[in-house]
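What follows is a short report on a single structure.
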Amino acid sequence: MTPYILATLFFSLGIGTTITLASSHWLLAWMGLEMNTLAILPLMAQHHHPRAVEATTKYFLIQAAAAATLLFASITNAWLTGQWDIQQMAHPLPTTMIILALALKIGLAPLHAWLPEVLQGLDLLTGLVLSTWQKLAPFALLLQIQPSGPTLLMALGLLSTLVGGWGGLNQTQLRKILAYSSIAHLGWMALVLQFSPSLALLALLTYIIMTLSTFLVLKHNKAMNINTLATSWSKTPILTALMPLMLLSLGGLPPLTGFMPKWLILQEVAKQDLALTATLAALTALFSLYFYLRLSYAMTLTLSPNNLTSTTPWRTPSPQPTQHLAILTTASICLLPLTPAILTLMTF
């Protein structure tokens, strides 16, 4: 794919997300989501591999179904209430349909089954775009209509944290594990969305930083499954030492960056007299932490299974730029001490 076509597709992605973020009318928001979907499809199918074409087809069908449901629900809302404003969702029926359509778009459980299969068929950089940038526009719409469906959002959030942890337990493919990680993190965001939108945005930003660094390290090591991780120590020893910390940060283990949003979310949910919900969310986080520990163990304490007697490969300097990787890795591990300053900024 030529640089001009790539630039056009990424520009279309940015324009689609910007239209959705800036719109207050359901038709404009729907148009931005459609631009997003159509722009990423050529990126997903650019390698002409049958698995990539299958993933692209699945993604297109799911996104088309979600967009059709969203459009139908917004027309129903306009018919019942006489207006198209996103923030004026008064009737429960179209509100429920729109929340479920947006949950299908971003992969919240129980509408999550497409995400691991689609992500498994993509290369790591396209999977990174799908896991981060493609969540922004639907999440912004959920943020605007969140006071209308609190019980449904909490149920989706709790179920997503459970499914995201449970589904990743028996996986060996790293892209599927990261897909279930995405489901679990989105569940935490949906859980606190109605109580503190700024905290949900903080959780989204932290998730994007940690996912960026994880995907880029896997791309640097050309790692696709757990066995490949075991050989990475001979190629990039410093990154191999830092990667378990990044994975445990994704799992929310203190004193790493990923502990900050989970800690604040549990605190906020407990403040709303929902101690049982906070306890269940904390328990479901143990599932996710288990498979992150499993990945860390595979990287640092095991050797790749190899029946042939072979020598250690030469560790040659990598031609890939690493400055951005250093910044993202540091941010995904060391931001917890800035929690008081971040809380102060969130109050303004």
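Just so you know, glycine gets a Cβ as well, placed from its N, Cα and C.
Listed in TrEMBL for this protein:
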| type | residues | note |
| --- | --- | --- |
| DOMAIN | 23-287 | domain 'NADH:quinone oxidoreductase/Mrp antiporter transmembrane' |
| DOMAIN | 289-343 | domain 'NADH dehydrogenase subunit 2 C-terminal' |
| TRANSMEM | 60-80 | transmembrane segment |
| TRANSMEM | 92-115 | transmembrane segment |
| TRANSMEM | 151-170 | transmembrane segment |
| TRANSMEM | 177-193 | transmembrane segment |
| TRANSMEM | 199-218 | transmembrane segment |
| TRANSMEM | 238-254 | transmembrane segment |
| TRANSMEM | 274-293 | transmembrane segment |
| TRANSMEM | 325-346 | transmembrane segment |
By a Cβ-Cβ criterion of under 8 Å, what residues six or more beyond either terminus of the transmembrane segment (60-80) are in contact with it?
26-27, 30, 33-34, 37, 41, 89, 91, 93-95, 97-98, 100-102, 104-105, 114, 118
Hey, would you say the transmembrane segment (199-218) packs against the transmembrane segment (325-346), going by three or more CB pairs under 8 A that are 6+ residues apart?
yes
Mind pulling out the one from 92-115, 151-170, 177-193, 274-293 with the most Cβ pairs under 8 angstroms to the transmembrane segment (238-254)?
274-293
The transmembrane segment (274-293) versus listed stretches 92-115, 151-170, 177-193, 325-346: most Cβ pairs under 8 Å:
151-170
Same chain only, please: residues at least 6 beyond the ends of the transmembrane segment (177-193) with a C-beta under 8 Å from a C-beta of the stretch. Say none if there are none.
103, 106-109, 112, 115-116, 118-120, 127, 131, 135, 139, 142-143, 146, 153-154, 156-165, 167-168, 171, 199-200, 203-204, 207, 211, 214-215, 250, 261-262, 265, 268-269, 277, 281, 284-285, 287-288, 291-292, 295
